[in-house]
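Below: the structure, in structure tokens.
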Amino acid sequence: MVSLLGRSDGEALQVNSGDTAWILVSSALVFIMAPGVGYFYSGMARSKNAVSLVFLCMIAMAIVSIQWMIWGYSLALSDTSNNAFIGDLNYGLLLYVGDKPHVNAPTIPGDVYALFQCMFAALTPALALGGAAERIRILPAVLFCFVWTTIVYDPIAYWSWAPKGWMNVMGSLDYAGGTPVHIASGFGALAFSLVLGKRQGFGSEKFAPHNYLNIILGTSLLWFGWFGFNGGSAVASNGRAGLAATVTHIAACMGGLSWSFIAYFRHGKKFSSFHFCSGAISGLVAITPASGFVRPWSALVFGLISGIACHFAVDFKEKFGFDDALDVFAVHGVGGVVGNLLTGIFASKEVAALNGAIIKGGWMDRHWVQFGYQLAASCSGAGWSFVITGIILIIFNFIPGLHLRIHEEGEISGTDMAEMGEHGYKFATIEPLPVGRERTLSAENGGVPRGIVFANPPSSNKSTVTNTEGSEKPASMRGV
């Protein structure tokens, strides 16, 4: 233990160098999840929207980090506020933070804890934006991230983790963000999809992922970062952190397998990397609120149930007619609720005691009311996020210059060119055809009258398809 002076009055504060090093590493791991979300989303989308989705995730990280410094950390995690709903501004601009430990992390400097929690806040609105993929303007999306984090994420984080937050005082268990991160982003994405409306061609045309390698890469970065996301939430380098990382991995594996095998029998008995990756993410989401409370065998149940529940939740958007473009509600919203409720069943007071925490446990410890606490937290987080997100979006649409949906021509050409003037794939550009020569390329590109011009196509790609005019293009560009 290293003794540091963190206050002007000379009061000694005990800061553990090993704990501090682990949380700094965990912060970097969670940062990697931002481009991970971007690549995962870009692979699921059509190629004409790939760059803008990665960019949105990175710029969300930047804008929310500034918000966190200005007032987000203080509003979300103030340990000096007596309010049950929201924090005070005592730590605004990160003043009076320094190396003084936060009550939630007594063995690391306060500024390290603030950095770690910043990564959680920055990731959450990036997840929610997936519900509006392929039809959202970048400028209002950036401003939305600042406002949404302040009004939606910060209060829910305070309820869940602040010493006086009402969920925390009630006894709700949320180890690493089941409600503030996943339920909030999932139900926010649902509101996004309803307010912005459907993409052109939704329901009549198939929107297939354009790059499965991006999906695999994004999943790998997310899985890797989740070891810091959940393992770092112990805010110490100890056995509980190790167990949290272990159950995280097990749940991801089981989630990927359960989703894959269900899809195998439902979709022509073929395995899909996309299905496995989606299932793995669902397992990671579900285990998040429970990762510091459950034993390894319980993680098998979390992965199994979340993989099944989230797989079938994907069908909701077709049954109920809402266009959640990247299945954020199905995976994060439903997965977060599943994880919260299962925490009320499988939470163990013996696991929590690994680092001295005292809880009453869940049903496994005959603490029956815990399930009710988890249900209350889930409903409150979901309701707050859905309603307030909808209100924010409606207000934005009434402010000149801040309407969120891209214009029709921009949606046809893709947000990469319309909003950024950049191509994700430099050997292809999209140009209008001369009047009288329009033709539909394919169902996957929204059936738009567009021409494809290839500049130096890869010589290794020998497979081609012929369009209705007799010209050829690489088969890999179907749906561009």
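The backbone N, Cα and C atoms fix where each Cβ goes, and this holds for glycine too.
Listed in TrEMBL:
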type     : residues : note
TRANSMEM : 20-41    : transmembrane segment
DOMAIN   : 21-425   : domain 'Ammonium transporter AmtB-like'
TRANSMEM : 53-71    : transmembrane segment
TRANSMEM : 112-131  : transmembrane segment
TRANSMEM : 138-161  : transmembrane segment
TRANSMEM : 181-199  : transmembrane segment
TRANSMEM : 211-229  : transmembrane segment
TRANSMEM : 241-265  : transmembrane segment
TRANSMEM : 272-291  : transmembrane segment
TRANSMEM : 297-314  : transmembrane segment
TRANSMEM : 326-347  : transmembrane segment
TRANSMEM : 373-399  : transmembrane segment
REGION   : 455-480  : region 'Disordered'
COMPBIAS : 457-469  : compositional bias 'Polar residues'
Tertiary contacts of the transmembrane segment (112-131), as residues 6+ beyond its ends and Cβ separation under 8 Å: 20, 23-24, 26-27, 30-31, 33-34, 37-38, 41, 53, 56-57, 60-61, 64-65, 67-69, 72-73, 76-77, 91, 94, 97, 101-102, 104-105, 141, 144-145, 148-149, 153-154, 157, 177, 180-182, 184-186, 188-193, 229, 232, 235, 324-329, 332, 389
Highest-contact recorded stretch vs the transmembrane segment (20-41), from 138-161, 181-199, 211-229, 272-291, 373-399, CB pairs under 8 Å: 211-229
Honestly, do the transmembrane segment (373-399) and the transmembrane segment (181-199) touch, with at least three Cβ pairs under 8 Å and pairs 6 or more apart in sequence? yes
Flag the pair the transmembrane segment (326-347) / the transmembrane segment (181-199) as in contact if three or more Cβ pairs fall under 8 Å (sequence separation 6 or more). yes
Which residues, given as numbers and ranges, are at least 6 beyond the ends of the transmembrane segment (211-229) yet have a Cβ under 8 Å from it? 25-33, 35-44, 47, 50, 120, 176-177, 245, 248-249, 252, 273-274, 277, 280-281, 284, 288
